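Working notes, beginning with the structure itself.
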Amino acid sequence: MSTLRALRAVLCVYAVGIAVALAQLLRRLRGDFRPPVLPPQPGRVAIVTGATAGIGRSTARQLARLGMCVVVAGNDEHRGQEVVSSIRAEMGSDRAHFLPLDLASLASVRGFARDFQALGLPLHLLVNNAGVMLEPRAETEDGFERHLGVNFLGHFLLTLLLLPALRASGAEGRGSRVVTVGSATHYVGTVDMADLHGRHAYSPYAAYAQSKLALALFALQLQRILDARGDPVTSNMADPGVVDTELYRHAGWVLRTAKRFLGWLVFKSPEEGAWTLVYAAAAPELEGVGGRYLRDEAEAEPLGTARDQELQRRLWAEGLRLTGAGGGDSDGVAW
């Protein structure tokens, strides 16, 4: 990637981050930072990826407080078991489980789906939260650029593998939900179908933005497919905003310095960042409502490109090809 294009990617991502952070500051100064009030969710079962830390951990805990049974999915068993233990201690219940999941490995994704099936639980909610951000170029076990592989392709396959359980658990007036975590960086992203893996030109900023736009395209295309099939499942995007998490460890020194000194003021805490995810997961007004982009517990408008149905179809087909889910017989996925 040329120096000019790489610099443009950095500046665009920073500009979006600054705009979101300032909006959060204004909201905080207005006293508008309040958690959503949601009804109890007894009997519901949720899977949260990346629930061993940050937004995912806070999301899992908040869902458990609503009465859901939560499956903590992550690649750090020690931290995962700590989250499960804390939920069980707080709730006085054993309705929390840890299952290993490495989204950088399609074999691990398939193994997770089998492990979940072995639990014998229904599935009412899938929160696609885990992700990587601004990492130097590296590839997953399957040869995918890591942002694309972890953020998009891993969740793509996971969702397809779990859709039969989501369908079976949903009912008219009480459907299942898929909540995919988005980012405002998708507004400055492009999906390069000719070089998805950044082998010819790479910028961690462009790669992250591309992965988030890919997730938006995926979430909206998924809703179109669910609608066509008449499935009792909805698919929405939830943008947590700029949140103080470990993801910034690969960011440039400017962003890390700003986070260190101003994070307490302009960044959301993981607990606050989880509010939009939990709202998408449990708000009664979203029953049967899909294809939405949610931010600050309200509907927002995604980038117009995210609604490009031709690009949605092309990316979906490429996702099927890359993950091997196209035929579906071996994994129980049929389209």
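Using the three backbone atoms N, Cα and C, a Cβ is placed for every residue, glycine included.
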NAD(+) binding, same site as TYR208, LYS212, THR245 - Swiss-Prot member from ILE47, ILE55, ILE87: ILE55
Maximal Cα-Cα distance (Å) across residues annotated as binding NAD(+), namely ILE55, TYR208, LYS212, THR245: 18
Among ILE55, TYR208, LYS212, THR245, which are binding-site residues, the residue with the most C-beta atoms within 10 angstroms of its C-beta: ILE55
Assigned element (helix, strand, coil) containing ILE55 (NAD(+) binding site), judged by DSSP: helix
